[in-house]
Structures are given as C-alpha cells and as structure tokens.
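Shown next, in structure tokens, is the structure this report addresses.
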Amino acid sequence: MDIGLLVKIMKHLTDPCASEPCQNNGVCVATQDHFKCICMSPYFGETCSEDPCTPNPCQNEGKCKHEGEGFKCVCKTPFRGETCKLDPCSPNPCENDGRCELIGNSFNCTCKNPYHGNNCELGTCTPNPCKNEGECEEDGESYKCTCQSPFHGETCEQNPCEPNPCKNNGKCYITGEDDFVCLCEEPFSGERCEKGPCSPNPCQNGGSCTIFGNDTRCLCDSAYFGEYCEKDLCSKLPCKNNGKCTIDGNGFKCECESPFIGEECEKGPCSSNPCLNNGGCKVDGNTFSCECVPPYEGTHCETGPCSSNPCLNNGGCRVVDLTFRCDCKPPYKGNQCEMRDGTEPDISMTPDISMTTFSDSIMTRNVTYQNITEVTGSYSWITSETSVVTSEDNATTTTDRNSTNDIMSSTLEQGNRNASPKGICETDSDCLNGGTCRKVKKKEHTCDCTENFGGIRCEVNLPCVGLNQSCRIMNAVCVIVDSHAMCECPNGTLYHKKSGLCEDICDPRKCLHGKCEVIGKTYKCNCDQGYTGSHCDEKERGNHENFVPWFTVIASINLFVCVLLIGMFCVICQIKRLENFILEKEVIFDILPDCADMMTNGVG
C-alpha cells in the first residue's frame, strides 16, 4: 500500500475539519476530536449555514436586511414592529374602549364619553381637577373630589385663609375645616384685624386718617384744623369788625359790614391811618373822623404850627409847646430865619452823581444844592409817580413830581443810560426752591420752577395755596409730605391739641428757675444755681447731705498709718532674726510673738 495515501486516510480520519464542515466561507478550527466554525457575518450556526434573513422573518411582505449578526425588517405601510406583524390598531392603542381606525400611516381613536385625548387616555379625572391633593373619582360623565382637611368645595379649592380674610396685612392661620384665626400686626386688632387707630375714622369734616407708627394723624381739608379736624377756620374768628364768617369750599369767607372790606374785613376808613400827627381815627358811618392832638387840627389833623412853612430860607420847623420853632441854616437867623448874617457868593457847579445797576433794584445817590445859578447837562421835570428820563448826553434826571419848577431848590440825580434791572434773575441762586434761571431774550431772564412751585421767582408753594390760610391761623406753615400739603409747626414750636395752635416749646412756664433749651421736638431746662429738677422747680439739698463726714476720713487715715507702721516693725523683726540667727531658738521665739502681737493688737 502506498504510504502517502495511508497518511492522507489517517489524517482524514483524525482531523475534524478535513471534511470542511463550515459553510459560507466560515473558518474551521479543530478542537481535539471536534471542530468549531468561525462564521462570516451575517451567517451563524454550528456550520455557518444559518442566515438571519432565511427564511424571511419579516411578515406582511416586509423586506429583510442584514444588520451586523442580525437583521432588520423594512415594513410595508401600515405594518410595524420587529417582524412587521403589527399594525397601528393591533393591539388597540385606544384606551377606555376607544375604537381604533387606520388613517393613512397612522390611526385615530374615537373615544367614549367622557374620555378624550389622542389615545382616549384622558377622563374627567385626568388631569386631576381636585386641588390641594384632593382625590378624584370618576362619576359617569363627571367626577367627584374627596378633599383633604381643611380644604373643601367642588374642586377642594376653598380654604378658610384663601383669600386672606385678615385685613391690614394680618396673617391667617387655619384651626379647623372652616375655622381660622388672624394674627394682627400692630396697631390693628379685631377678629379680622379690621380695627385700628383709623377704624372708625376719628377725623371729622372729611379729614383723612393716616397712621404714623402706633399713632394717628388727621390730614384735614384746608377749611378745618385741630387734632381731629373738629375746628373750622371760623372758630378763630378771623373776620374783623363784626364780619360774619362762613366756610367756603377750601377756606372761609367773610361777609363784611359796611364800610369794611377786605378778605378778613380788615380794611375800613381808618385802615390807611388817615389821621396825621398821632391823631386818633374813629369810624363814623361810612367814613372816618379824626380826634386830633393839640396843637393839630383839620380833617386829617394835618394843620399845625409848621403847616404854613413859617421858617424861611430852608429853615427846619418843629413843634415845641403848641407852637413852632425854627432851626435856621447858616447864615440865617431869627424866629423865622428871616435875617441873613453876612454875605455868601453864589455857587456855579456841575454835580457828578453816579448810579449803580443791581439785578433787581436801582440805587441812586441824591444830592441837594442851594443857590445854584448854573446847571450843565440836561434835565427834565417828572410828572409821574416814578419815572426815569434819559437824555441824548446819557444824563438821567429824576425828581419828585410834587417839586416846583424852582431849580434853585430842586434835587438832581444824574446817572447812566442803562439804569434798569436786567430781568427776573441773573443766576440760579436768584430763583427760589431749586428753580433755574433761563435766558429768554438778549437781556431778559426768567425762572423755571421745579414741581409744586410757581411765582415770578418760584416763591409760591402751589399745593399749599389753598392751605396757607388755615396754617396761618394755627401759627403753622404749609409743607409737602408724600405729595400732600399739610400744616407743620415751625422749628421751636409744637402742636398743642387743646388749643389747636403751634405753641412755643420753650414756654416761659416750663423752666421756673432756669433757661429753656429746645432739643428737637422737646426741651431741656438748664437750671439756675441752687435749683434742680426737670422744670428747675426743686431747690438743691444742702452740701452737708452729700459730703463724707470728716471723722470717717480721719479714721481711714489713722488706720492706713497704723497698718504701715506695723508692716515696718515686722520687717525690722525679720532683719534682726537674720542678724541673730546664731542665737538660741528661745530668743527667736521671744521676738516673733511680739511681731504677732503687734499685727493682731496694733490696729486696736
């Protein structure tokens, strides 16, 4: 027998892979008396004979595609699933007995009442309509909520504390299903914190009550004042001369008896003081009559010893002992300055008088000359109450319109052409209350006022216009607080509830024996020597009650000296002990008791 053939036969009989059992290009690996196939993708199985797509696992004409060592089915519409055996309505995706219908590539659920949603998954309890963790139970086409305490209502929405029944920022706490308690903030009280300093409103006559800390304050209408707005402006009897006062809108109105007029009937025939020279004025019907003091007489007491100008040559006239006396100017003399003492040459001069222009007024210097025989420059006589005349040569002449045309005794004023104010303001500081100065023309300016202020120079507090009258009667001033106008007492004064007025904090009666010092809204008494107490109404006690008795001081000094001496003696004893150390113990014991005796008995 051929040996080579024998070897092949033996090898075939002993090699498991000799028969090439692995299909589809699988690699065979011998393992003792068996083999193992390493398959090429996507084949598998003991001999790599199995194919994921053979037989076709995809149902309903789905196409099988190799994917790694597995497969993937490409399904025909409307089938789906891993092997294309599912359709959108199988199993039924519609919940709660909903009916599934294929629509193109998708489905549609027809739901039974009361369910709804894409898959009929929503019912009367979905989403849960019961609030505050209430449990929902479907009840036919409706639902029923089982509420957690203390909530109640159809959807458990009701809560004793919602909405908050506690007023004025009170906090609500639940104590039962329908019970609650309110925790009130100061200064409020009541079952629902409804009671406060302003409840009920203590302010009368339409006043509004406001809370300041734990106290209240009434903001009164402009026609009323007082702690509770209980007083009206007429209670101060503002109408003079028997005028009748009535409340009129935001203020008061005076109905004056003839012949008096004015806002407070303060103007009458005597208001302008028509009686001269200390004459007394008396209302007589609709006019007046003057009771003159001798030697004056006339309707206005205007006629007196000096009325006829008895003093000549500009002599001064004065009334002395019911007659006149002349104060003559040199060189004149005599009872009426009628005599001239010596001669005096005439004066010829041109006065140089300057004028200065200010931002809001004109100041001039007036010079009076007598015996003027020649005047240089130009001048004009003024006939108006106040006038300025500018001539071509820059000279300005003013005079009293009552002057005569006698240049010998006239007053001449000379100045520059520009003697006139430049406008309302020049800088912001000329405008009050934060107003700003704005140029409107070449040489004219005006004040632009801030909010709440008006007037030429922003001097008028607009919100206070209707309240100024009330504040004035109270001795107060009008101020703006939180955009509201109200009366406030000036510094150094305090509102007195009983009188309804702003009264001095430092009333003279406050400090009986001392000086009163205002500190904020209160006062402090600085007592005179010998007095004490908050009102300086107590006499200081004698000094004998405050000083330490002399005998106590002396005793203390003696005790200190005694202790010091005893200490010195003890030191000396110790020194002697060291120096005499060689002595017998008996000697030492004789010394030490002496020291002890001194320590115990020396103080006594």
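Each residue, glycine too, has its Cβ placed from N, Cα and C.
Heads up, TrEMBL stuff is auto-annotated, nobody curated it.
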Cross-link partner of C229 (disulfide, per TrEMBL) out of C220, C239: C220
C502, C511, C516 - which one TrEMBL pairs with C506 by disulfide: C516
Neighbour-count leader, CB within 10 A, disulfide-bonded residues: C193, C220, C449: C220
Between C527 (disulfide bond) and C48 (disulfide bond), the C-alpha gap once rounded to whole angstrom: 124
Spatial neighbours, same chain, of C337 (disulfide bond) - Cβ under 8 Å, 6+ residues apart: C311, L312, N313, N314, G315, C326, C328, K329
Cβ-Cβ under 8 Å with the domain 'EGF-like' (503-537): same-chain residues at least 6 beyond its ends: 475, 491-494, 496
The domain 'EGF-like' (421-459), counted residue by residue under DSSP: helix, strand, coil: 3 helix, 10 strand, 26 coil
Integer Cα-Cα distance in angstrom, C292 (disulfide bond) to C48 (disulfide bond): 152
